[in-house]
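Q: OK, TrEMBL features for this one:
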DOMAIN    27-60  domain '4Fe-4S ferredoxin-type'
DOMAIN    61-90  domain '4Fe-4S ferredoxin-type'
COMPBIAS  141-152  compositional bias 'Basic and acidic residues'
REGION    141-170  region 'Disordered'
REGION    207-283  region 'Disordered'
COMPBIAS  220-231  compositional bias 'Basic and acidic residues'
COMPBIAS  273-283  compositional bias 'Basic and acidic residues'
TRANSMEM  322-340  transmembrane segment
TRANSMEM  346-367  transmembrane segment
TRANSMEM  387-413  transmembrane segment
TRANSMEM  419-441  transmembrane segment
TRANSMEM  462-481  transmembrane segment
TRANSMEM  530-548  transmembrane segment
TRANSMEM  554-575  transmembrane segment
Amino acid sequence: MACKGEHDDPIGVNKTWVKYIEKGEFPNTNRNFSVMRCNHCADSPCTDVCPVTALWEREDGIVDFDPERCIGCKACMQGCPYDALYIDPNSETAAKCNYCSHRVDTGREPACVTVCPEDAILAGDLENPDTEIARTISREEVQARKPEKGTEPKLFYVDGDEGSTTPGTTAREKHYMWSDAPHHVETEGGSVPDFDLEKAAESLAASDVSLGDADGSDDSEARADGGREECGCDSCACGEGGTTDSSDATRTADRQSDGGYQSDGGYATEPSGRTRDDEDNTSRTERAYELLHEEATRVYDIGESHYGSWGWEVYSYTWTKGIAAGALMLPALFMLFGLADPNVAAFGASAVVSGLFLAATGVLLILDLEQPTRFHWVLLRPNWNSWLVKGAYIISATGAYLGLVVLGALLGIEAIVSPLSLGVAAVLGAATAVYTAFLFSQSKGRDLWQSPAMPLHMFTQSVVGGSATLVILGVAGVPWFEAMVGPSALALGAGLVGHAVLVASEIFTPHQTEDAEEAAARITRGRFRTAFWVGGVVVGILLPLVALAVGLPILAAVAGALALAGLFAFEYCWITAPQTISLA
């Protein structure tokens, strides 16, 4: 409430909020509270991906933002692995906790620190060993959220609970304490079914995170003072949290009378006979498994601010952009390598097709902005760390080149099909196709998008999209494309095979994180399975390959149409599914 009052935030959005989770069975239950907010990271991904420097890191370490500069592209919401950003419905720009920087600048503490009656939130200079925050962090066992992301977060939790800091470990019921869960979030009555406890335990044990008993301390019971959490910037810090017990029972929710552990989710159980004294000698891996095994249920959160922040405009834009790139790149390559005769009119027609899809791409990108009238700021106020900026300049260069080619074709200038010009076309087409992969790699909140094969996959998708379009136009009798049907059909077949291999490698092979595994599972076995299997695989890969194998021109055109439809279905799954994973 202090935060909302200080910043006059509208109802429905929160710069900071308290997450409730419950463990155990009555009467041996406890409830843990964890405050979620911006971590003011030392290596903040949101500042890197923001194309207009609306987010920046101050000298004192606070990650601040300027709504007057924001274009509402929502890239920062994808970049943040902590779900700390949201779109303010009043300003229609991104917003987050800014550590009450206006108060800090006048020598005051953030509003949440001032109003907290229990001194559960600490703020101060982390680099000054004499401050309370620095002393607390040095003597207490503290945890940070997702340190494996490499963001160097400065929000620290004293006696932090894994059920709070690791979202995938908590079940999400349809009903909260006093309300229904937000309609847009995934809910389930039990542990997350695809969460690999053993793998998560090994990952946790290998980290620097304190595991309580395994490190020689006893955190199996809640702190008498309720626990605290601290957050800090380079020169500032804050934190909050706590636990409430309904009895003196241990934190282990599913401890049975025989000393064993059992989960309603059907996971393997710990060996029976484990006592509290035995836990002092438990290995880090066993302790990590034990902590994660404690069944936890969320009874209050705010849902995901990020959910669906990139919607139909984005997966439509990746589809049209791939077609535009392929429609430019493939004719240039065909003419360069002698698969088609260099023809001014044909190359000009290809530029027109590519330009139309590139124009559609630009329209979709602008439509996705919360502040569409500021779209040109990406070019005029660039943050060169952001691949949104680099991509905007690549698209602009490609558009300018296409305009010159069309003009040259109208004037009959042979130079547009010279090896130099065709080489430029191939490079621009490839760059247009793959730059989004690097943008996605900056989205650290989306683990499935971190695949190193994404640049190759997006290039392959552009081959499929471009060749399918050329085949359809050629079979339809458009004169400039009839000579390209043969090489385009070969490119389509090769592209589909490559696409199938890359889909299999990105979806079905083991992933490095549980969030990536869960996103892949939702594509193949969850609510995206119909779009993926029917649209992306059967319609988009198998049927086109069969149609191409027959060898009839009309079936080649059918294969092209099916491939385009399947590519769109895959883009929908690939863009949407990772955004349904809980980050907080």
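Cβ atoms here come from the backbone N, Cα and C positions, even for glycine.
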Q: If we skip the immediate neighbours and take only residues 6+ beyond the ends of the transmembrane segment (530-548), which ones have a Cβ under 8 Å from one of its Cβ atoms?
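A: Those are 468, 489, 492-493, 496-497, 499-500, 503, 523-524, 555-556, 558-560, 562-563, 565-570, 572-573, in sequence order.
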Q: What stretch of 322-340, 346-367, 387-413, 419-441, 462-481 shows the most Cβ pairs under 8 Å to the transmembrane segment (554-575)?
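A: Against the transmembrane segment (554-575), the leading stretch is 462-481.
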Q: Is the transmembrane segment (346-367) packed against any residues at least 6 beyond its ends, judged by a Cβ distance under 8 Å, and which are they?
A: 313-314, 316-317, 320-321, 323-325, 327-328, 331-332, 335, 340, 375, 395, 398-399, 402-403, 405-406, 408-410, 416-417, 422, 429, 432, 469-470, 473, 478, 480-481, 483-484
Q: Within the domain '4Fe-4S ferredoxin-type' (61-90), what mean pLDDT does the predicted structure show?
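A: Its mean pLDDT is 94.
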